[in-house]
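Visitor: Have a look at this one before I ask anything.
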Amino acid sequence: MSSALTSTLPLNNGIPIPRLHLGVYMTSGHECSSAVTHALGAGYRAIDSAEWYANEAAAGSAITAFLASKQNQAGPGLKREHVWFTTKLKSNVGYDATRRSIRQSIRESGLGYIDLYLLHSPYGGPRKRLECWRAVEDAVREGECRAGGVSNFGVKHLQELLDANPTLVPAVNQIEVHPFNTQRAITSFCAQHNIAIEAYAPLARSLRANHPKIKELSKKYSCTWAQLMVKWGLQKGYIPLPKSVHEQRIKANAEVDGFEITEDDVEVLDGLDEKLVTDWDPTDAD
Ligand SMILES: NC(=O)c1ccc[n+]([C@@H]2O[C@H](COP(=O)([O-])OP(=O)(O)OC[C@H]3O[C@@H](n4cnc5c(N)ncnc54)[C@H](OP(=O)(O)O)[C@@H]3O)[C@@H](O)[C@H]2O)c1
């Protein structure tokens, strides 16, 4: 199995997080559960969901069913703790609402706890952000979540949080990152503060699959354009979350062991930055 699927990175709380996750944005019901089942079958051990995606139940029940199917096979069984489940808070309303949402996500997923819980965005202003973060801290302390983090936080939001002397520094900032949007300011701030970067839209939603440089380098490394982009994210030290609902693509997107992009070519890819936003960009919100 590809080492991208078996290796982990230590978060700032010491917990190892899988290097590659399946994203399940814009999938629901059967499509979501079948994507999760294909991914787990291919060796993925981490799924990125969200309250907003309305697929926590589909993703969670597919994980539970997969684990159950493994109990009847020879060899060491797979357990809940072998699959990482991330979900996210839809809106930064306040402390109590966040605690309720976390418990609701645990119920929806049926997984007993959440591995990583993220504030999905910085929207809501400074007071709400801090209140919601306090709720995540308490949920982690009480064992509802193993780690807490943020998503779409810009440098000013991260600095604001650190200035408030949190008992927990976010373990992760999940942002859009790929060669066409390298997010230099945020990624270097996170590196300085030991906050791991989860790269969302790591395939740039396939919008640049035919870019001449991507085509040239895919040919050079005998890989697909999607593998090249996933590998770039891994070599940068990020945790890519490629999404697909197709079994063959899910498998292929993780088969990135057979090549290493040279430092020079990583720089060439960095140079493709055009600040491409594929979905939304709240990193500068008030
Ligand atoms: N925190 C946030 O605000 C936020 C925002 C956006 C995304 N995310 C997370 O990040 C994950 C990934 O981002 P994303 O879904 O926006 O985009 P993405 O992973 O960059 O791209 C997904 C698109 O690429 C296609 N694709 C995947 N593999 C392919 C392949 N090998 N060949 C051709 N096309 C391929 C998929 O189509 P098929 O499914 O048809 O294969 C889909 O249309 C999400 O699912 C979600 O978990 C988080």
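Using the three backbone atoms N, Cα and C, a Cβ is placed for every residue, glycine included.
Keep in mind that what you see is a predicted model, and the values were worked out from it rather than measured.
According to TrEMBL, the protein has these features:
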- 34-273: domain 'NADP-dependent oxidoreductase' (DOMAIN)
- Tyr53: active site, proton donor (ACT_SITE)
- Lys88: site 'Lowers pKa of active site Tyr' (SITE)
- His120: substrate binding site (BINDING)
Visitor: Identify which of the recorded positions Lys88, His120 has its Cβ surrounded by the largest number of other Cβ atoms within 10 Å, counting every protein chain shown.
Guide: Lys88
Visitor: Translate the DSSP assignment of Lys88 (site 'Lowers pKa of active site Tyr') into the three-state scheme.
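Guide: SS state of Lys88 (site 'Lowers pKa of active site Tyr') = strand.
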Visitor: Let's check the environment of Tyr53 (active site, proton donor): how many other CB atoms sit within 10 Å of its CB?
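Guide: The answer is 21.
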Visitor: Express the distance between the Cα positions of Lys88 (site 'Lowers pKa of active site Tyr') and His120 (substrate binding site) as a whole number of Å.
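Guide: So the alpha carbons of Lys88 (site 'Lowers pKa of active site Tyr') and His120 (substrate binding site) sit roughly 5 Å from each other.
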Visitor: List the Cα distance (Å, whole number) between Tyr53 (active site, proton donor) and His120 (substrate binding site).
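Guide: Here the two Cα atoms lie 11 Å apart.
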